[in-house]
């Protein structure tokens, strides 16, 4: 009996951690719900739950009208009520929660595991973000999202330093941003699915170049070590390399690196080897169900490795649906998974697939990844409208 109890203890700790992350945390401010007034869980008229402090912050000061941060339905702050199921759950789990650390530290991490050390953004600061990039010179984080200003730049502490890119129909405006990259000389490059173009800005938001009429649906974008730009065209099924004079705002040359890809979206470049990873979304034959496939090409564009959803299912018991791809500093391929959700290391392309879970808790819908110079992993979680910073825990 004692052996059975000891075996069930990790599962119970896991259940506690999932409950605390999924049910007992306000998904707007990321604070834990509680009985004290500002953190009491409140039902909105649409059914979603936020803490009282966020209700007060979101509501208009005079009319008390607010928009649900999740479904965007109109609500009234004075029409909210205590969410009794969450309050009862806090009471039921109270003693266990006090004995255990916070959600992302509930179970001891193995030495070398990634743990979430910092989160920034949140609803209102970001709205349905889609792309993430890191400035190689300043270390600032650049995100594209659905706000009035489409490009938002955060400092190293997570504060908003600058924003630009008006929502509009003019050529210099950004209609529907999909992805973003930062060049070696700090230019911001955005793929705009709204007018099927690529737009280049300087770091202060001044438009330098609009590349239109060449793509059916530009999607993923990434900078090469040589300061070139690689772009996927999801509709045309192709991968392109752009040679741009960023200072003069001139497109020098466009080269098609690959054709006959299956709805390519995400793209990443290894600064160690020059390899290029492309994330495809082929339809499964006869089912109409979309799967995912990661293809990795050498710097000379030779296919050196690939793996798809079915192939990964042979190594991992749950379905893996890749939503983003990047390389770490050792040349390993890292993917985000929206089915888990989780982050996995697939190993080096020539070793595919060496499947290693890196992050398995605390994510909702990861859509973009990048590593800092200090080897921290930044994950853009579009469901929580936030950036989560993971570091290696050697404890």
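We number each residue from 1, going along the chain as drawn.
Yeah, the Cβs are placed from backbone N, Cα and C, and that goes for glycine too.
According to TrEMBL, the protein has these features:
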- 26-72: domain 'RING-type' (DOMAIN)
- 113-157: repeat 'NHL' (REPEAT)
- 161-204: repeat 'NHL' (REPEAT)
- 212-245: repeat 'NHL' (REPEAT)
- 248-300: repeat 'NHL' (REPEAT)
- 350-393: repeat 'NHL' (REPEAT)
> So what's near the repeat 'NHL' (350-393) in sequence-distant terms, Cβ-Cβ under 8 Å and 6+ beyond its ends?
Replying inline: 17-18, 21, 27, 30, 69, 103-104, 109, 111-134, 139, 141, 143, 145, 154, 158, 179, 296, 304-307, 311-312, 315-316, 323-329, 333-338, 340-344
> If you average the pLDDT over the repeat 'NHL' (161-204), what number do you get?
Replying inline: 94
> Near the repeat 'NHL' (161-204), which same-chain residues lie under 8 Å Cβ to Cβ, leaving out any that are not at least 6 residues past its ends?
Replying inline: 130-138, 140, 142-145, 147-155, 210-213, 215-223, 227, 229, 231, 242, 244, 246-247, 249, 266, 368
